[in-house]
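If you check Swiss-Prot, you get these features:
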- ALA2: N-acetylalanine (MOD_RES)
- 24-137: domain 'Calponin-homology (CH)' (DOMAIN)
- SER166: phosphoserine (MOD_RES)
- LYS172: N6-acetyllysine (MOD_RES)
- 175-200: repeat 'Calponin-like' (REPEAT)
- SER181: phosphoserine (MOD_RES)
- ARG183: omega-N-methylarginine (MOD_RES)
Amino acid sequence: MANKGPSYGMSREVQSKIEKKYDEELEERLVEWIVMQCGPDVGRPDRGRLGFQVWLKNGVILSKLVNSLYPDGSKPVKVPENPPSMVFKQMEQVAQFLKAAEDYGVTKTDMFQTVDLFEGKDLAAVQRTLMALGSLAVTKNDGHYRGDPNWFMKKAQEHKREFTESQLQEGKHVIGLQMGSNRGASQAGMTGYGRPRQIIS
């Protein structure tokens with residue numbers, strides 16, 4: 001907030017480490033995706049962390065982003081006609097985005113806190129949330145994602161296998177590799193090593 005002073009000592013070190021996690025290349029990719037997903041009317045931010053924060057701070061662009069991943073008629077977040085100017089309304093808009101992102105499938109561990117964006121505490125966490133949202137959109141592949149699919153990693157998906165009863169029976173007769181092998185080198189034809197012990201009395 002406006003009345004929060006600069007941090008010193010240990011707090012400054014912690015804040016500095018958090019700020020180093022912010023990725024400017026990732027910022028460019030996320031801006032490209034948001035503009036492609038929401039349309040050019042969302043504009044573009046000034047380069048850098050402060051521009052990125054100011055661009056997303058009121059929650060309207062984030063709300064448009066998550067709404068664009070749903071089919072028409074089932075948009076989860078109500079986007080106001082005019083961007084909210086009151087602080088609590090902006091924070092409420094961001095909170096609605098976070099709720100919609102969680103409903104979409106983003107895990108709690110990938111979510112940022114509202115203050116991370118609003119006060120600029122941890123913009124890397126904001127990037128993480130947007131990356132997780134993009135990855136889910138690419139993975140779902142339901143036709144609502146717009147942009148380059150290579151911008152985000154596809155999440156691993158379950159791949160169930162069905163076996164017939166005869167295949168399961170055959171599997172019981174296979175010696176697992178953990179048991180060792182019954183082929184290859186053996187001790188057949190080997191004689192004892194060395195000479196026998198000579199005991200002379």
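Keep in mind that glycine also has a Cβ here, set from the backbone N, Cα and C atoms.
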Note the mean pLDDT of the domain 'Calponin-homology (CH)' (24-137), expressed as a whole number.
-> 89
Taking DSSP states H, G and I as helix and E and B as strand, how many residues of the domain 'Calponin-homology (CH)' (24-137) are helix, strand and coil?
-> 75 helix, 0 strand, 39 coil
Alpha-carbon spacing, SER166 (phosphoserine) to the residue listed as 'N6-acetyllysine', which is rounded to whole Å | 10
